[in-house]
Amino acid sequence: MVSYWDTGVLLCALLSCLLLTGSSSGSKLKDPELSLKGTQHIMQAGQTLHLQCRGEAAHKWSLPEMVSKESERLSITKSACGRNGKQFCSTLTLNTAQANHTGFYSCKYLAVPTSKKKETESAIYIFISDTGRPFVEMYSEIPEIIHMTEGRELVIPCRVTSPNITVTLKKFPLDTLIPDGKRIIWDSRKGFIISNATYKEIGLLTCEATVNGHLYKTNYLTHRQTNTIIDVQISTPRPVKLLRGHTLVLNCTATTPLNTRVQMTWSYPDEKNKRASVRRRIDQSNSHANIFYSVLTIDKMQNKDKGLYTCRVRSGPSFKSVNTSVHIYDKAFITVKHRKQQVLETVAGKRSYRLSMKVKAFPSPEVVWLKDGLPATEKSARYLTRGYSLIIKDVTEEDAGNYTILLSIKQSNVFKNLTATLIVNVKPQIYEKAVSSFPDPALYPLGSRQILTCTAYGIPQPTIKWFWHPCNHNHSEARCDFCSNNEESFILDADSNMGNRIESITQRMAIIEGKNKMASTLVVADSRISGIYICIASNKVGTVGRNISFYITDVPNGFHVNLEKMPTEGEDLKLSCTVNKFLYRDVTWILLRTVNNRTMHYSISKQKMAITKEHSITLNLTIMNVSLQDSGTYACRARNVYTGEEILQKKEITIRDQEAPYLLRNLSDHTVAISSSTTLDCHANGVPEPQITWFKNNHKIQQEPGIILGPGSSTLFIERVTEEDEGVYHCKATNQKGSVESSAYLTVQGTSDKSNLELITLTCTCVAATLFWLLLTLFIRKMKRSSSEIKTDYLSIIMDPDEVPLDEQCERLPYDASKWEFARERLKLGKSLGRGAFGKVVQASAFGIKKSPTCRTVAVKMLKEGATASEYKALMTELKILTHIGHHLNVVNLLGACTKQGGPLMVIVEYCKYGNLSNYLKSKRDLFFLNKDAALHMEPKKEKMEPGLEQGKKPRLDSVTSSESFASSGFQEDKSLSDVEEEEDSDGFYKEPITMEDLISYSFQVARGMEFLSSRKCIHRDLAARNILLSENNVVKICDFGLARDIYKNPDYVRKGDTRLPLKWMAPESIFDKIYSTKSDVWSYGVLLWEIFSLGGSPYPGVQMDEDFCSRLREGMRMRAPEYSTPEIYQIMLDCWHRDPKERPRFAELVEKLGDLLQANVQQDGKDYIPINAILTGNSGFTYSTPAFSEDFFKESISAPKFNSGSSDDVRYVNAFKFMSLERIKTFEELLPNATSMFDDYQGDSSTLLASPMLKRFTWTDSKPKASLKIDLRVTSKSKESGLSDVSRPSFCHSSCGHVSEGKRRFTYDHAELERKIACCSPPPDYNSVVLYSTPPI
């Protein structure tokens, strides 16, 4: 049933439509009018809202969401109004208005065309203010969800009930969003408007307002909804391969942003039968994305199931899919083929190279690549296996070879392999290029014959061509470079007439450093023209060139200053400076003056223009009428074109004051016999040197036959005086300051007959003397010819002195300057490492030595200033010996030498940074461990300072206070505080522990070095731990810097007559009979073993070096076993100390024995060795003497040795080898007064002044039969060696030999008793060669 109100509204609406329709084509409708004017109106809560709408047509109300039209509070009445009731009015009444009624109230016509909608609606925003409710909607407990889209507008609808309320927008947890009027806008009728929402606005947002001191909040939770699909994948490899009957499992993974839902479906070949089962799940553990899984499973796959499997993912309008193909096979198989050809090529230096094969197989086989029959990935870390490919990183020449791929399916017993050959081509390399790259080129003497070499290597073998690039003959200002002018380069051959005359160009293949290289030699027959020789090596990979600056010089060393003569006052000073024009420029003369201890450079005015010649530039300096003030140091300065360095050549000029001549002695009358000869001397001094003129009877004497004027005419010599020669002789000396003269009368006696007789006698005498001299010359030549035929392989001091004298041996040794000569300019001398009686050793930096492209630290031996010719000859002889010996790892090797004139003689050898072995072992006494396990488990502890190191010294520097050097043996070491700081980088090395394996290794290496020296027929004669240097990587090297050893200050060398000798290390035959051989070196090696296994102890501790020591040594008494020795090591020592040199082992045998011991030690790690002196009570600290080993020796309880074991528990050692029946060996320790006392190993090692020169030689008597030395394991003492250096003073012979003081020798016995008492103390006549010929050990 329709009410009247509804009927009226309906009729009004119809009428309005008619009116609006009519008015649309005619007059325009006016907007409805509201009774409240403006855009907003504020009222208080609880009041009644009256609002009337007047319009020209029927209209309706639009109200806020919280105002319900069915509410009893709301009433709307409609009526006709206006003139004649032609207008429509509607009155809205809202009783007791509430805060949530706040909003837009609008009135609009019922039927309005879309285009006129805005014009037919009127609205006003009503604020219903309530102090207890500032927000229209309150969500204080549960936040309101707001959906948002990134990039679009987001409205936070925290509307307020009064426009005057201040609202703050906050984002959990601590952010505050402040309106900026652009991106974030506050509107009291809408809330906060964010124009371009991002992910940052996702989360909990809170609007806060404070009213009357009370805080109100309303919460909103933004929710981003998206349909984005990030990625879709099938985790199974593509394509999928299966055997028939197996199960197929495909996992499809879809990744989406948060708040996204997807639909995942599958399509597959046999989908109609629905054989597949699908499981789905979602992983939301990721904070940034959702991961959806769909797993498809098909059991018992058949051939009909092969084909394409597709996974489709849809989210709203977004769609993605992924597919894979499935292959079904009946059985396993492998097929492999070459991808290209069997022989492959690549280039060295390539970042990576992929070696791959075409492989089809199922199931996936195991892949192994072999290189030359060995697993490639185990051979080098640069080989990586990727699928069926082998990746070679950073290709090198060593990567060439045969590569085999092994494919295997072991479960199906299917195997296949295929081999390919890889050739690695190498760009040519010229090995001389590194040396020729130095900025300062070489100079070649004018007219000399020169040989230029170019050695190239590459794969394939490169071809070498020579080119000539001439220098501009007018060149004077610029350097002659390949690019400095535009002159053409000419290819050379043997018949070329370009440049210098070519004698030959040859090429040959040579194996150098294990590689087959092409060596080309260009021989210049006559060096006349300066230019650049260019060596070009090329192959298919590339081309490389080497420029050889060939500068001709007519000046020695390219720079020379010449003084015509030293002028006197008033004369002219004439100097000339000549430099090579291609190497130097800006030539000028300067005068050097010293002012306030500073050298000042003063230019010299009025210098002449330089004269440019074909090869050089000459600048002359002439100072006319010099005075004494012109004395000084004149220097020619020139700038090196290549280095830019200014070079000075100095000449000291001393102007002498003029002095009138004066005679040193006047002439005196004298009488001579006829036919004899006479000489008249007239020596005069003066400045300048006076000119002498001779007169006879006032007539000037000229030189003629029979009358000879000596140098400067100061001597007049008359041959066969005749009667006519009698008269007055007058000499006159004249210079600018005056003249002086003297005269004498010469009387001639005798007759002509007598003179004829004298002439005949003189003639016969001359003939006889000539014949005698001729016969003597022939005899000497015959003797030299026979001696020169002696074989030269027995060289140096090792040659039998009875065959050829030592000096003659050394003179025969050749010195190859082309191989060993090193430019002094490339050698930078550093700190002094040590000095000796007449030589010194300095540390230096050598650039390019041994063709190395880098700077290398070396040791340089040189003479001190003022060295004599014999000392120079000694060092040169030593250099020749070094060149003869050759190279070996365990010998300090020669690197080069500087022998050319213009500088000091220098011998360059290897530098060993860790010093000598003796000092090193002493520093390790608190860090010695029997095996590596103990060393690895030791507790870290603060390193204890040695005595003497507490005052600011480092533990490393024990050689600072020692007479022994860390760089060589025996010389005094120069160390400053800065030197100490430079050695701090080695502290870590000195803190590392040392084990039994290290001691055996040192012994083994020294034996190897001595084996090498003995093979070169070299005898060391001073083999000791002080002459063993420790290099990097625990390598020891034998050395003996003989010229630098100051044996006069080293207590290891005992004076014997006028010579000091290392007696403790010398074999008996060397002491008594002066016999040196390889077997005497073996004796010294045994003493060296004793030093090593006593950790640097001094041999024969507590034993005086006197005649009693000689006698005991001759009787077979030997040293006890050292503290850290094993029975096998001690047996080796005793073998080396055999009385008969022939019974001592050869060094080759020692290498074999120690090699076996070293290998055994590595395998057993030291656990099965029993140190001989380890038979001590672990905690008592006392030393016991024990009997020799017996059968039940090892049944006794033995306490652990005093090694650092890394544990506080007692450790016992059990030997792993059998002992022979051992004879008893007498030891020196048994004779000492207090056998159990602790000896200081730093007593003077050799401290006895033995015999005077009057005692001629020792006596050696073989009164007892020879017996083989066996081990006696009787331990008589355990001396704890300690201290830093040899500090005690040398002691002297016992009273039985007579006491000898340093100042004066006094003997208390008469000669007969003396000869009987000290027959053992006579020195050999001369041991100077020990000093002269050493380093490396000879």
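In case you wondered, yes, glycine gets a Cβ from its N, Cα and C as well.
What Swiss-Prot says about this protein:
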- Asp1022: active site, proton acceptor (ACT_SITE)
- Leu833, Gly834, Arg835, Gly836, Ala837, Phe838, Gly839, Lys840, Val841, Lys861: ATP binding site (BINDING)
- 940-957: compositional bias 'Basic and acidic residues' (COMPBIAS)
- 959-971: compositional bias 'Polar residues' (COMPBIAS)
- Cys53-Cys107: disulfide bond (DISULFID)
- Cys158-Cys207: disulfide bond (DISULFID)
- Cys252-Cys311: disulfide bond (DISULFID)
- Cys454-Cys535: disulfide bond (DISULFID)
- Cys577-Cys636: disulfide bond (DISULFID)
- Cys682-Cys731: disulfide bond (DISULFID)
- 335-421: domain 'Ig-like C2-type 4' (DOMAIN)
- 27-758: topological domain 'Extracellular' (TOPO_DOM)
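Under the DSSP three-state reduction, Arg835 (ATP binding site) is assigned to strand. Counting only residues at least six positions away in the same chain, the Cβ atoms of Phe559, Val561, Leu575, Cys577, Val579, Val587, Thr588, Trp589, Leu619, Leu648, Gln649, Lys651 sit under 8 Å from the Cβ of Cys636 (disulfide bond). Around Cys158 (disulfide bond), the same-chain residues six or more apart in sequence whose CB sits under 8 Å from its CB are Phe135, Glu137, Val167, Leu169, Gly191, Phe192, Cys207, Thr218, Tyr220, listed in sequence order.
Taken through DSSP, the domain 'Ig-like C2-type 4' (335-421) splits into 10 helix, 54 strand, 23 coil. Cys682 (disulfide bond) is 59 Å away from the residue listed as 'active site, proton acceptor' when you measure Cα to Cα. Within its own chain, Cys454 (disulfide bond) has Ile430, Glu432, Ile464, Trp466, Ala519, Ser520, Thr521, Leu522, Cys535, Ala537, Arg546 as residues 6 or more apart in sequence whose C-beta sits under 8 angstroms from its own.
Looking only at the disulfide-bonded residues Cys53, Cys311, Cys682, Cys731, the one with its C-alpha closest to Val841 (ATP binding site) is Cys682.
For Cys682 (disulfide bond), the same-chain residues that are 6 or more apart in sequence and have a Cβ closer than 8 Å to its Cβ are Leu663, Leu667, Ile692, Trp694, Ser714, Thr715, Leu716, Cys731, Ala733, Ser742. The Cβ of Cys252 (disulfide bond) lies under 8 Å from the Cβ of Val232, Gln233, Ile234, Ser235, Met264, Trp266, Tyr293, Ser294, Val295, Leu296, Cys311, Val313, Val322, each of which sits 6+ residues away along the same chain.
Closest to Cys107 (disulfide bond) by Cα-Cα distance, out of the binding-site residues Leu833, Arg835, Gly839, is Leu833. The local packing around Asp1022 (active site, proton acceptor), expressed as other Cβ atoms within 10 Å of its Cβ over all shown chains, amounts to 26. Taken residue by residue with DSSP, Cys682 (disulfide bond) is part of neither helix nor strand, so it is coil. Distance from the CA of Cys53 (disulfide bond) to the CA of Gly839 (ATP binding site) is 125 Å. Residue environment of Cys53 (disulfide bond) contains 23 other Cβ atoms, counted within 10 Å of its Cβ in all protein chains. Leu833 (ATP binding site) sits 115 Å from Cys53 (disulfide bond), taking the CA atoms of both as reference points.
A 10 Å cutoff on Cβ-Cβ distances gives Gly839 (ATP binding site) a total of 26 other Cβ atoms nearby, all chains included. Cα of Cys53 (disulfide bond) to Cα of Arg835 (ATP binding site): a distance of 122 Å.
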